[in-house]
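Enquirer: Dumping the structure here so I can ask a few things about it.
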Amino acid sequence: MAFQEDGNHTAVTEFVLFGLTDDPVLRVILFIIFLCIYLVTVSGNLSTILLIRVSSQLHHPMYFFLSHLAFADIGYSSSVTPNMLVNFLVERHTISYIGCAIQLGSVVFFGSSECFILAAMAYDRFMAICNPLLYSTKMSTQVCVQLLLIAYIGGFLNTWSFTICFYSLVFCGPNGVNHFFCDFAPLIELSCSDVSVPATVPSFTAGSIIVVTVIVIAISYIYILITILKMHSTEGRQKAFSTCTSHLTAVTLFYGTITFIYVMPKSSFSTDQNKVVSVFYMVVIPMLNPLIYSLRNNEIKGALKRQIGRKIFS
């Protein structure tokens, strides 16, 4: 039942997700592609977490944050991908009102937490390259845990703002969401109540998180670049650059797509383009992050070889 009487109006009890396409053949193809991507995402990020946990040489702040980035990527992708896979297999995919709120909250929590974790990783690189003598003090276990708590608390607070605003919306119908998940923007368009406050508050909280974390990352890398340019050793410069390239690649991919969706004017791109970019940063990027960090990081590659060697010769 999609609607029920609620006082003087009819309230929506479920939403219909339009998904990515109506073409039945393309749906099957996309189902296979995204199932493979999701399996690689989960296995790759779980492998990263386990490798960091069992390898003593990776028990450093950078890899501590990387393991939680992998956890956030699993949660981020799992918030959307399984539901999207079901959407490919059924003719008319519905999601309950509560289910929509849970999915929205999960996406916001893991996405916001990832912003903070990426900022913490940039700060860690700043301390390692610009203040190496103070690194062990400034990036102690206690400090790392505090930064991680800030990341998850920030994610929770942003989720709370989105969830409260979602529940303040009144949906009278239609109930078709022109997306493959319960994104807040298309839900706002379906509301039959005043959306001035519910539309503003989440934009402010999410925008603040993006701006603050981008500033932290930008300032960190400005100081890192200045420090590297002052180095006289070519080998030292190359080593410093190599420790930052993986993180910079991940930051560029993540914030680049977020900027396209949430910062650029809506009139400059279509809903279908929005969907494609959303797929990239919610489904594809979580798969790419383990590859980015493992292929460009000698310590992770070395730890992986040692673990494989132990398994073979044990």
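Yeah, the Cβs are placed from backbone N, Cα and C, and that goes for glycine too.
Pulled the feature table from Swiss-Prot, pasting it below:
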DISULFID  CYS100-CYS192  disulfide bond
CARBOHYD  ASN8  N-linked glycosylation site
TOPO_DOM  50-57  topological domain 'Cytoplasmic'
TOPO_DOM  124-136  topological domain 'Cytoplasmic'
TOPO_DOM  221-240  topological domain 'Cytoplasmic'
TOPO_DOM  296-314  topological domain 'Cytoplasmic'
TRANSMEM  29-49  transmembrane segment
TRANSMEM  58-78  transmembrane segment
TRANSMEM  103-123  transmembrane segment
TRANSMEM  137-157  transmembrane segment
TRANSMEM  200-220  transmembrane segment
TRANSMEM  241-261  transmembrane segment
TRANSMEM  275-295  transmembrane segment
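Tell me about the surroundings of these features in the structure.
Expert: Cβ neighbours of CYS100 (disulfide bond) (same chain, under 8 Å, six or more residues apart in sequence): PHE15, PHE166, VAL177, CYS182, LEU187.
The list of residues near the topological domain 'Cytoplasmic' (50-57) in space but at least 6 beyond its ends in sequence, with Cβ under 8 angstroms from a Cβ of it, reads 63-64, 66-67, 299-300, 302-304, 306-307.
Beyond the ends of the topological domain 'Cytoplasmic' (124-136), by six or more residues, the same chain brings 61-62, 65, 220-221, 223-224, 227-228, 240, 243-244, 247 to within a C-beta distance below 8 angstroms of the stretch.
Counting residues 6+ beyond its ends, the topological domain 'Cytoplasmic' (221-240) has Cβ neighbours under 8 Å at 122, 125-126, 129-130, 248 in the same chain.
Among residues of the same chain six or more beyond the transmembrane segment (58-78), those with a C-beta under 8 A of the stretch's C-beta atoms are 38, 41-42, 45-46, 48-49, 51-52, 106-107, 109-111, 113-114, 117-118, 120-121, 124-125, 128, 139, 144, 147-148, 151, 243, 250, 282-283, 285-287, 289-290, 293, 299-300, 303.
Residues 108, 112, 115-116, 118-119, 122-123, 125-126, 154, 157-158, 161-162, 164-165, 184, 251, 255, 258, 262-263 of the same chain lie 6 or more positions beyond the ends of the transmembrane segment (200-220) yet place their CB under 8 Å from a CB of it.
For the transmembrane segment (241-261), same-chain residues at least 6 beyond its ends with a Cβ under 8 Å from one of its own Cβ atoms are 62, 69, 114-115, 118, 121-122, 125, 128-129, 210, 214, 217, 221, 224, 228, 269, 274, 277-278, 280-281, 285, 288-289, 292-293, 296-298.
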Enquirer: Which stretch, 29-49, 103-123, 137-157, tops the Cβ pairs under 8 Å count with the transmembrane segment (275-295)?
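Expert: Ranking 29-49, 103-123, 137-157 by Cβ pairs under 8 Å to the transmembrane segment (275-295) puts 29-49 first.
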Enquirer: Around the Cβ of CYS192 (disulfide bond), how many other Cβ atoms lie within 10 Å? Please give the count over every shown protein chain.
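Expert: CYS192 (disulfide bond): 15 neighbouring Cβ atoms within 10 Å.
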Enquirer: Please report the DSSP secondary structure of CYS192 (disulfide bond), reduced to three states.
Expert: coil
